[in-house]
Amino acid sequence: MAERPEDLNLPNAVITRIIKEALPDGVNISKEARSAISRAASVFVLYATSCANNFAMKGKRKTLNASDVLSAMEEMEFQRFVTPLKEALEAYRREQKGKKEASEQKKKDKDKKTDSEEQDKSREEDNDEDEERLDEEEQNEEEELDN
């Protein structure tokens, strides 16, 4: 746990970006108001986390998951956010699945490339051995002719 209360605040840059995205162009916000929103956001996150943790503990788990957070939102009477959160969660899962599939495909392509390079190298080595054998045979033939 944090030693000082200010350690629990969200980063100012994140809060400023969220505020700017929420407000129409040309609307400014005072430093005091930004600080108040930051503190309120931190308190909300702590409260939501605590509620979600209660659901995890009821499930005899130490790890919070998305369903714990969604249940906490309902318990905190923020039902109107549950549907958008579920949609965002599904979008996140699709994105992660796409990234995972892309990573696996990249690994397969790399393995194929490596296999292909190894085959090419093996062919080159075989060709080199064949050339060496032919050179030796030619030398032997020349030596036999010389004798």
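In case you wondered, yes, glycine gets a Cβ from its N, Cα and C as well.
Curation does not apply to TrEMBL; its annotations are automatic.
If you check TrEMBL, you get these features:
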- 93-124: compositional bias 'Basic and acidic residues' (COMPBIAS)
- 125-147: compositional bias 'Acidic residues' (COMPBIAS)
- 9-73: domain 'Transcription factor CBF/NF-Y/archaeal histone' (DOMAIN)
- 93-147: region 'Disordered' (REGION)
In the domain 'Transcription factor CBF/NF-Y/archaeal histone' (9-73), how many residues does DSSP assign to helix, to strand and to coil?
47 helix, 0 strand, 18 coil
If you run through the region 'Disordered' (93-147) with DSSP, how many residues end up as helix, strand and coil?
54 helix, 0 strand, 1 coil
